Ligand code: HDE
């Protein structure tokens with residue numbers, strides 16, 4: 001069933017229960033769903049309304065009357081529609097899914113959903129940017145949130161992760177400082193959703209533990225092509241616990257089946273104007289189309305006996321465990337297969353929490369994780385107005401909830417019990433605390449001290465590892481990102497201090513950024529030469545599936561050639577759209593978008609057909625040139641060659657012209673971009 005059908009079905013009254021394949025969470029939401037049907041309008045109290053266009057007044061030109069309860073209720077409800085946005089990760093997009101396990105992990109954990117391969121565990125995922133407010137653009141340079149709620153039979157388990165495997169700080173007590181630094185500056189609330197300003201870089205140079213994460217932020221990982229093509233990481237080291245109480249350290253990884261791909265910087269700046277909802281729309285449309293995003297859940301496992309075998313501390317969230325040292329083990333797959341029906345009710349009101357764990361999954365003493373285990377519950381109390389937010393439909397577990405917690409604003413449950421305390425004899429001792437979550441028995445012994453472990457002191461080695469592992473094009477993009485960001489910093493001492501740190505990460509990086517900023521190259525430092533190939537985005541799985549291709553067609557276009565190429569690409573799962581100077585059809589082929597309403601930046605590739613007419617149009621030439629500048633495959637069939645010639649492309653890397661280009665062009669689309677193409681002479 002396609003996502004669209006699923007949505008339509010759930011909008012229709014009555015047929016849910018009969019529908020096979022629906023998961024438990026989906027079924028339980030039914031009682032909260034308001035179907036689209038033929039009911040007449042009522043007030044919140046259920047009284048029928050006969051006019052919602054005119055307030056009650058004393059005479060047609062007279063004052064509005066207090067007595068108009070419908071008017072007052074309608075306006076009051078409107079006045080109170082907004083809730084505080086998330087203090088970070090305010091802008092997001094959500095989707096429902098299903099998690100399926102590959103093999104039982106009984107030797108590692110007692111978690112039921114990690115032991116039962118027949119279980120289809122419902123999930124809800126919210127992707128987000130971090131710094132911007134709710135209305136900011138999707139394609140900003142930022143970390144992306146990747147938060148997953150598993151509705152397991154033992155209660156909710158949340159992996160509240162990001163698309164980078166490390167974080168800016170080591171100790172949660174620095175989080176307010178970091179967030180204040182990256183958010184818009186306090187005096188004028190500028191800039192929105194950007195790190196390119198003085199306070200962020202001031203923080204970075206004074207808090208060098210952020211340097212490794214900032215390398216990721218300056219890389220193209222910070223501008224993902226799609227939420228569907230982005231990795232996710234739990235970041236911290238967590239712990240799995242088996243039936244004998246034995247612990248194993250674990251790092252969570254989500255690996256997108258379509259591979260990890262990014263946009264390019266110049267492109268994202270233009271997408272922000274063309275389609276600020278670019279990533280949100282992409283996720284929504286893919287699910288509606290039935291192209292369900294899939295991610296493998298992988299784990300890195302470290303036996304407790306190996307805790308101190310690394311040259312970094314497993315409790316330090318600014319460090320990765322290189323995949324070459326501890327390989328990824330795929331344990332299951334999540335498929336996102338359903339869009340929410342109401343953004344506010346589901347995506348906005350969902351509340352994640354790192355401390356939502358189930359038996360068999362536990363924490364470590366990572367000081368960042370420890371702080372998060374406090375913060376998420378606290379933040380929901382404000383954002384969702386009180387302690388009963390777990391009763392909001394999206395947050396309710398599918399496991400039964402029983403306890404003596406009571407009352408508070410917006411209590412939805414009617415507790416029938418005559419007691420709300422334990423122990424009690426009146427209610428037979430119920431609810432009884434037996435056979436529940438048991439914390440891992442870790443021996444703790446230490447003096448109270450405000451100090452970090454010396455094992456947290458190295459802030460450079462893994463930033464160097466990241467730089468060493470990049471392909472040439474990735475390094476070029478990283479240098480360009482530092483130049484853009486530091487180019488927006490006003491204070492010279494901040495730029496100098498950052499460049500000094502960059503020299504310690506790698507002399508080449510320091511020298512290149514210094515040169516662009518007109519600063520002296522930092523003093524050379526001896527750095528290690530180790531690399532981790534898994535950190536580069538080269539070598540991703542190739543697929544043309546869900547890639548968007550614009551067919552630029554003019555009046556004399558060769559419709560047969562276009563149709564044949566289109567069929568071949570659609571056969572690989574690509575999405576083809578015809579762009580032409582006017583709506584209607586060209587040579588019998590229906591036009592999807594008129595040229596003046598289309599822009600190359602929202603497509604992955606461009607095919608030109610009939611260059612004679614289009615070659616004379618500046619907008620069509622620009623369309624091709626801009627796609628070329630962003631390293632996208634350019635194809636031409638029939639007279640499309642003339643448009644490509646008219647665009648005056650400086651070289652032909654990734655420009656595929658001919659009568660039978662289907663195979664070569666399909667491969668080019670699957671390969672994403674021609675980063676080796678020199679675009680330095682293309683006007684911006
Ligand atoms: Fe969060 N973070 N965070 N964070 N975080 C929030 O919780 C916080 C951190 C992450 O889609 C807030 O409900 C502290 C790391 C995601 O709803 C808040 C610290 C990672 C989301 C909060 C961190 C994350 C949040 C804001 C340092 C990656 C969005 C609203 C100790 C592993 C979840 C909310 C969603 C949201 C606190 C660090 C990921 C304030 C104190 C590291 C994906 O509670």
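Each Cβ is built from the backbone N, Cα and C atoms, and glycine gets one as well.
Unlike curated records, TrEMBL annotations are generated automatically.
Just one of 48, 126, 329, 418 is listed by TrEMBL for the same heme site as 86, 175, 372, 376, 383, and that one is 126. Range with TrEMBL annotation region 'Disordered', chosen from 1-33, 133-165, is 1-33. Long-range contacts of the compositional bias 'Basic and acidic residues' (20-33) within the same chain: residues 1, 10, 96, 98, 120, 122, 124, 151, 338, 341, 345, 393-394, 396, 398, each at least 6 residues beyond the stretch ends and with a Cβ under 8 Å from a Cβ of the stretch. On the 0 to 100 pLDDT scale, the model's mean across the domain 'Catalase core' (42-430) is 98. Here the C-alpha separation of residue 162 (active site) and residue 89 (active site) works out to 10 Å.
Residue 89 (active site) falls outside any helix or strand according to DSSP and counts as coil.
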